[in-house]
Amino acid sequence: MKAPHSATYQDNYADAAMTARTRPSMDMDQQRNRNQAELRLLPAQRTSTSAFESPDLRFNKARRRRRSEQVPPVVVEYRRSYRVLIVSALLVSLAASFVTLSAGFQLDGSQNSFYTFRKWYTGLNGTLELEFKTEQPNGLVLYTDDGGTYDFFELKLVEGALRLRYNLGGGAQIITVGRELHDGHWHKVQVLRNDEQTSLIVDGVSQQRSTKGKEFQFGKFASNSDVYVGGMPNWYSSKLALLALPSVIFEPRFRGAIRNLVYADQPGGSTRRQEIKQQRDIKCGDVPCDHGELPARERPLRGVRGGNTTDACERNDPCQHGGICISTDSGPICECRNLEYDGQYCEKEKAPSEATFRGTQFLSYDLGQTGAEPIVSAQDAISFYFRTRQPNGLLFYTGHGTDYLNLALRDGGVSLTMGLANGKQEMHIKPSKVRFDDHQWHKVTVHRRIQEISSITSFCRLVTVVDDVYTDHSHIAGKFTMLSSSRVYVGGAVNPRALLGARVHTNFVGCLRKVEFSADTLNLNLIDLAKSGSKLIQVAGNLEYQCPSGDPQDPVTFTTRESHLVLPPWETGKQSSISFKFRTKEPNGIIVLATGSKQPRAKNPVLIAIELLNGHIYIHLDLGSGASKVRASRRRVDDGDWHDLILRRNGRDAKVSVDGVWNDFRTPGDGTILELDGHMYLGGVGPAYNSVSWPAAIWTATLRQGFVGCLRDLVLSGKAIDIAAFARVQDSASVKPSCHVQANVCNGNPCLNGGTCLEGWNRPICDCSATLYGGPTCGRELATLAFNGSQHMTIWLGNGQGTKTQTEELVIRFKTSRPAGLLLLTSAESNSPDRLEIALVAGRVRASVRLSDREKNLLAGQSVLNDNNWHTIRFSRRASNLRLQVDGAPPVRGMLSETILGRHSTMEIRSVHLGGLFHAEEEIQMTSTMPNFVGQMQGLVFNGQRYLDIVKSLGPELSALPSATFKLTARFVNSPAGQPYHAATFRSKHSYVGLAMLKAYNSISIDFRFKTVEPNGLLVFNGGRRNDFVAVELVNGHIHYTFDLGDGPVTMRDKSRIHMNDNRWHQVSIRRPGPKTHTLTVDDSFEIISLTGNNMHLELAGILYIGGVFKDMYSKLPASISSRSGFEGCLASLDLGDASPSLTSDAVVPSSLVVSGCEGPTKCSQNACANRGNCVQQWNAYACECDMTSYTGPTCYDESIAYEFGNNKGMVQYTFPENAQADTEEDNIALGFITTRPDAVLLRVESATTQDYMELEIVEGNIFMVYNIGSVDLPLGEIGTKVNDNAYHVVRFQRKGGNATLQLDDYNVQALTPQSHHSTVFNTMSNVQVGGKFSRNGRNRIERPFAGVIAGLSVNKLRILDLAVERDPHITIRGDVQLVTGVLDRNDLQRMQQTPASGYPGALDDLIFSGAGSGCRGDDEDECTPPFESGSGDDLITPVYVPPTKQTTTSQQGNSLSTGGSSSGGVITNGTERACDDEDCVHGSGDYGETTEQFTSTSTARGSESNNEMVTITTTGRSDVTTEQHQGSSSSSSSGSTPSYATTQSSSSSSSGGSAASTPGQVSTTSSVATSSTQRATSSSTSTSSSTTSTTTTTTTTQATPPPEIRSTVTERETTPYDIYIAGGGMGGSGRNDHDRMQLPDEHHPLPPLPPPIPPQDPPPYGPYGGNTYNTNMNNYRPKGKGGRINSIEEERTAMIIGIVAGILIAVVLVILLVLWLKSNGDRGYKTESEKAAAYGSHNPNAALLGNTSTNGSYHQQRQHHMHGGGGGGGAGQQQHHAQQQMHNGHNGNGNGGGGGGGGMMSSGSGSLGYGSDGRPQMAGLVQPKAKKRDSKDVKEWYV
């Protein structure tokens, strides 16, 4: 049926060519506007050489050619007008650029005129828009369908009217709109869907139709076709079954312009402007790939003029923030659809769509009341932002009938209930220590999606995400198909208690923003609709469409002693006031501190401070003339309740009120003005290195005690301050913009190792002073110093400037055997006697305090303390009050005599000495009454500073800090490591937990211990604002600490000599002791770095990830982080500043794969068995059970038996014996697989007596197990990961009764627990079907076949694939199934199959051959067009062993004429060949194509830049070959028989591609393929089944720019059209630009009738392929891009002679070497190929291991200087013919033992390929297997 069509096409083709030749030369402006890669039918369009060459350069080249050419007069005349044409073209092009400003996509209506765009996701309410312009009344505008079933959309012009024909399953509908639309003007078209309603709008005129049926989905998005504009790809002509409307292929193509194609191309995605489909979007698995689907920049756009290059939106899209650019005649405009921006270019941010709800207002719509149909969709989404202080309230409700979704705020968490069909689901997101009623904005997203599992069961996935961090997901399975919504309530309802699924009974109070409800592509912004007065939305109450930007009533919580806020200076003056509310349970803390500079006549700097001391409020006020300190509260206020404070002053007079009780006071001196020019500090004074000064009278500041509690309603001099806004932009981790109370924080005894827990404000305070441990929970070992009597430690405070204090607090622990010794001593300036001394005297502790001339001694300790045990000393001073306590004994108190508060109670401290008093410079002992200390000290805390920990973190160099300088001669003692605490095991690299944000704004303190055997993994990560982040990772067994404060990332690495992945505990400590000092300590390895940047704060945001991040986040991590997987192992003893969180109970984002405790290294450890094998402990060993791993071996590490299921359907079936059909209450199934199929059945288990079954399947790329044990279908799946990614996955399924679990790889375990009663027994398990399932109506057809690899299948410990290998009688293998090995070694993208190595002697390795698959999914390979994929150069191989055969020599019969071979590199003149210069010739390919299959198809030439391509066509019968080429006005034709040897090119030319073999009984034509570019030619081949001979033809072309059309005709009894990919050079091998021809002598075969003569035409300039077929005077043409060449005939002849001689010499040498090699290896037999043997023979000892293999570009580069011509291909082809015949060891025989391998000079064919009695090619020495259809994935390529 296709022969007449092909003939008609050929006639049309010839008519088009004839018409082209009689047309005048084409306009130059059209020529310039074409794509550089464009290939035209019209020869006149091939006149230009390269778009990169100027006209003058081309003209000068033409002048140089005249020196050696006889140019016809018509050519001279043509070139005289050439410059005129060029100038004219420039002017016309300039004018055309304005005319075609918005030309869009141009189509000329030719046979190959069409565009391909991404799939249209129609949903149930999708839209599609475009504009078109044409002058033709008929043409196909757009087409898309469901892949060939029922549904389609066809948009076409019919007699000037636009007709939409569509089918949604209920029958075709037709809508026609418009008339005379072919007027050359732009027309706008819209296709709108709304469930069953479909509308067509043209220029505002609308028509609509309704579709009848049960559902209105448009196919399935995964299998739907692309969108084709202007026409259909040609390959559909032979694949009509893939079209839902086959007649569309015969529609006339559109001729005109298309622009502004807008639609949604992803589920849930927004509409956007579409562009031509790019290469990464091309998928060739569903249908044969052809050039019509290749990207525009990599294929010649035949039939499309200029692409979209003149479209203003394409050249420069002015739209911002995702606006859709629309081209118009007046220029581009922007449509800001569904955006938060507007303006001309969508550049202005819209006012937020928000509203304030106060409990009586809400939004709603009810479609049922208006009689409208509900909104129906396959997926919907709800998203909004909310802010509230109320813990309960209805947020959103939607439903229809009994289906509902109720979203509310309950107890400060987000609560969701859903009912669908008969299933109900409920979730409550309330992370640990996190509440959402904190009056901060929170984002909520709810997404539902329905997936059809079977015809009666669907699966609804529900995902809820809060703040993009806190996630919960679940699913419901049942008999439903769609999601419906007819009612919606936002913010409340008339009676929220009556709504289905209600868990709260109150309306929402607070603010809502951007409330959006989307159903498929429908998107409703409900607040915007209400604000604009939409009739759809009903508004209850007086709704205010705005939210206050800030509220002074918003509270903040200071969570640590160091947390604080910095406010701008407070403008005070003579009168001022301050008021606020506070609450806390901690007795001490500085609340407000504001200072000013000292005035010239003032006594002191001005100051105001408010502190909480011993549970009371104290006011400090100094106007410069004297300080006053007043206690403002009469009772304690540290009771956890809110308290009000008001302070007012007028000059010196002031009064303060706490909870309404006023107290007046007056400042001393004559100062009346309070001028505060410094920052105001709230909650604390910051880290020790802050340059903040305060008087000694503010005791809490001296003791570094910040306020921990809540603060709100701050008003300064009548101005309300939104302190929550400051908290959000400053230290948001430590200062929370909310206030909540956590009671009983000491429950559960959080303090370890004997620490004492005290109730703080929402935090436990652990007193570790009586223990050997420190840290937030007394879990970390203390730093211990050892003194030997001559060692000491000295601390200079304030870098030697010293400090003045009225209070001191000291804690120190010691251990000694000496009765006396100096423990601690402070010193002041040399003229000051102030000091504090703590010493051991006679075995007791003495504290001596001296202020000026007053001194007081306290003695404590009832027993002797020099007992070499640890003792704790606590000392404190409050002005004149002293307190000393040793261990747990009652404290000793005392008071300094005759002191008053103020100057006389102030102590000057310049330095602190431990262990002894030494001179700073000379280190000689100064006069002291006490001996130096001998023993150990630890746990020193002096005025809130842990100096021993600071010194240890600074390392041995003791870098100076802004707050202190150190000198140390004592040594640190390595304390014995304690037991890890809060240990957790990360069982997978995909697991992680989330904690509250790391508190690292001013300082960093991170400690943890870890143990692992994995060398890499992310341990800690916290992102931040801008580029700030902090991360800790394990890289190659070493710790990397990376951070960025805004000055660029900095990475610190440990310098340990050992790798940390040794399954031992390792300690990591990270500190920031100074503003620019960072330290990393890993075990004993210490690193320190000092930065020079100006940024002082680490501004983090989000949560702190421990053990990894979610998988999609790795690609977004900063480039300085190398981890791409998480941590697997044990993590413990995590201390983060003042907190020690548990990785399980305190995680705000928990993980089921992170469990408490460390599954440590016992005999049966977690690492004993690989791949999650089950370790079984035995008496003195362990064993690994591998049934649930898909692996095997003693440790579950070895690969299991694997089978590959091809595209032609196949199945492995196991039938249980009748006596073994068991009833099972538990089932365990595991397997590994690799596939790219998005929909397939991997496994099905059936019952013999009931409908029970288990089916493991892939649905839309997700893995599901659906099982039924007597009641209903129960689906269980992993939705979060796609498995059709060609990667190896392991799935494990376990069932116990009705409950089941499924785990994919190392991801979270998915569990299913049916709520209703279900049967628990699977009855009479009868058979297992692997690779698909049988259809219900019979046992012959396989439904939903699997294509890929399945390995290690275990069903209840029964390894079915192992039984298949053992040929178990209960196993049946059907169809395209074969055993494979090396599954895990495969490339990620392609497959490699290999067979066991040869057992024959002398065989070093497997032989290999390569071919190409078709990529065809059809069952019948004859329906598939040949593969036309462009290779990457790194394809895979299929090793195949070829047994040795006896070497034979067959004499050649018949005529073998080198002149009949193809030319290579040279130009054929009058039937002779000559060598080309090496500057003109470029290498090609001389490889043989592997004969694989017969195929038929028809296509039109279309080429593109690509890599190696090979197509081999096998036909039977005697063939006469006629080859005709047309280039410009030139052509050539030849016919004849070709010699029986292959041809190999010399180094100065490309390899031959046109050699053939001929005997009286057969004709064989073989050529090779080169790597450069490909071209499609329309040709015909013949085949008959009665002949016993075979003809193999391969045509190749190498090109750098688009080649001309090639007409090749093979004449035979009947004509069968077929497609040929022409890769490489011209027919018969060529260089990049040499277009070679194959000529067959006339005297051997009669010529078929030639087409009519072609009228002469002005010859064009030399095309990009060089060489004119008929013009014999153009032999010296030099391809573009090359340097100068030889111009004289004598020089060329000399070069030819030199080349011939050199070729003969090299050939002789190679022949000798080859003969010697064959003699020395006579016992070996290989199937080799000529060029491979030579190319690798001189370089690679394994040359003979290469069989018939196509090559890639790198191979050609390697070989081109090592090969010489043969077979008439090169300059020395005839001279080498005899040598080639000597090497030729066989011919293609006609019988079972047949012989000839390849030919050519370097061939050593072993006769391995012959022909059987049936005429089919057969491997000699092998028993031929049963014929099996070959599919695209049976053979892969791997170029070596």
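Each residue, glycine too, has its Cβ placed from N, Cα and C.
According to Swiss-Prot, the feature Zn(2+) binding site maps to Asp1831, Asp1834.
Sequence annotations record features per position, and here Swiss-Prot assigns compositional bias 'Low complexity' to 1447-1472 (among others).
Positions annotated as compositional bias 'Polar residues' by Swiss-Prot: 1491-1527 (among others).
Per Swiss-Prot, compositional bias 'Low complexity' is recorded for 1528-1600 (among others).
According to Swiss-Prot, the compositional bias 'Polar residues' annotation covers 1747-1757 (among others).
If you look up Swiss-Prot, you'll see 1774-1787 (among others) marked as compositional bias 'Low complexity'.
The disulfide bond annotation in Swiss-Prot covers Cys313-Cys325 (among others), and the record cites sequence analysis as its basis. Annotation for Cys313 (disulfide bond): same-chain Cβ neighbours under 8 Å, separated by at least 6 residues, are Asn260, Arg273, Cys325, Ile326, Ser327, Pro332.
Reduced to three states, the DSSP call for Cys334 (disulfide bond) is strand. Annotation source Swiss-Prot lists disulfide bond at Cys319-Cys334 (among others), citing sequence analysis.
Residues or ranges marked as disulfide bond by Swiss-Prot on the basis of sequence analysis: Cys336-Cys346 (among others). Within 10 Å of the C-beta of Cys336 (disulfide bond) there are 21 other C-beta atoms, taking all protein chains into account.
Residues or ranges marked as disulfide bond in Swiss-Prot (evidence: sequence analysis): Cys511-Cys547 (among others). Within the same chain, the residues at least 6 positions away from Cys547 (disulfide bond) whose Cβ sits under 8 Å from its Cβ are Glu354, Ala355, Thr356, Arg387, Cys511, Arg513, listed in sequence order.
According to Swiss-Prot, the feature disulfide bond maps to Cys710-Cys739 (among others). In this structure, Cys710 (disulfide bond) is part of a beta strand by DSSP.
Around Cys757 (disulfide bond), the same-chain residues at least 6 positions away in sequence with a Cβ under 8 Å from its Cβ are Cys746, Asn749, Pro750, Cys751, Pro764, Ile765, Cys766, Asp767. As annotated by Swiss-Prot, disulfide bond applies to Cys746-Cys757 (among others), with the evidence given as sequence analysis.
As annotated by Swiss-Prot, disulfide bond applies to Cys751-Cys766 (among others), with the evidence given as sequence analysis. A sphere of 10 angstroms centred on the C-beta of Cys766 (disulfide bond) encloses 27 other C-beta atoms.
Annotation source Swiss-Prot lists disulfide bond at Cys768-Cys778 (among others), citing sequence analysis. If you draw a 10 Å sphere around the CB of Cys778 (disulfide bond), it holds 25 other CB atoms from the protein chains shown.
Marked as disulfide bond by Swiss-Prot on the basis of sequence analysis: Cys1130-Cys1158 (among others).
Among the features that Swiss-Prot reports, disulfide bond is placed at Cys1164-Cys1175 (among others). Taking the Cβ of Cys1175 (disulfide bond) as centre and 10 Å as the limit, one finds 19 other Cβ atoms among all the protein chains shown.
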Relative to the Cα of Cys1184 (disulfide bond), which of the disulfide-bonded residues Cys739, Cys778, Cys1175 has the closest Cα?
Cys1175
Would you mind reading off the Cα separation of Cys710 (disulfide bond) from Cys768 (disulfide bond), to the nearest angstrom?
26
Please report the Cα separation of Cys1186 (disulfide bond) and Cys346 (disulfide bond) in Å, rounded to an integer.
59
Restricting to the domain 'Laminin G-like 3' (554-739), report the mean pLDDT as a whole number.
90
Validating a neighbour-count step here. Other CB atoms within 10 A of the CB of Cys1186 (disulfide bond): how many?
26
Round to a whole number and give the Cα-to-Cα distance in Å for the pair Cys346 (disulfide bond) and Cys319 (disulfide bond).
6
Of Cys334, Cys739, Cys1130, which is closest to Cys778 (disulfide bond) if I measure between C-alpha atoms? They're all disulfide-bonded residues.
Cys1130
Mind giving me a neighbour count for Cys334 (disulfide bond)? Other Cβ atoms within 10 Å of its Cβ, every protein chain shown.
23
What is the interatomic distance between the Cα atoms of Cys319 (disulfide bond) and Cys1158 (disulfide bond), given in whole Å?
55
Protein Cβ atoms within 10 Å of Cys325 (disulfide bond), excluding its own:
22
For Cys511 (disulfide bond), what is the secondary structure by DSSP, using just helix, strand and coil?
strand
Please report the Cα separation of Cys739 (disulfide bond) and Cys768 (disulfide bond) in Å, rounded to an integer.
28
Taking only same-chain residues 6+ apart in sequence, whose CB is under 8 Å from that of Cys1196 (disulfide bond), what do you get?
Cys1169, Ala1170, Asn1171, Arg1172, Gly1173, Cys1184, Cys1186, Thr1189
Closest of Cys334, Cys336, Cys768, Cys1130, Cys1158 to Cys1175 (disulfide bond), Cα positions, disulfide-bonded residues only:
Cys1158
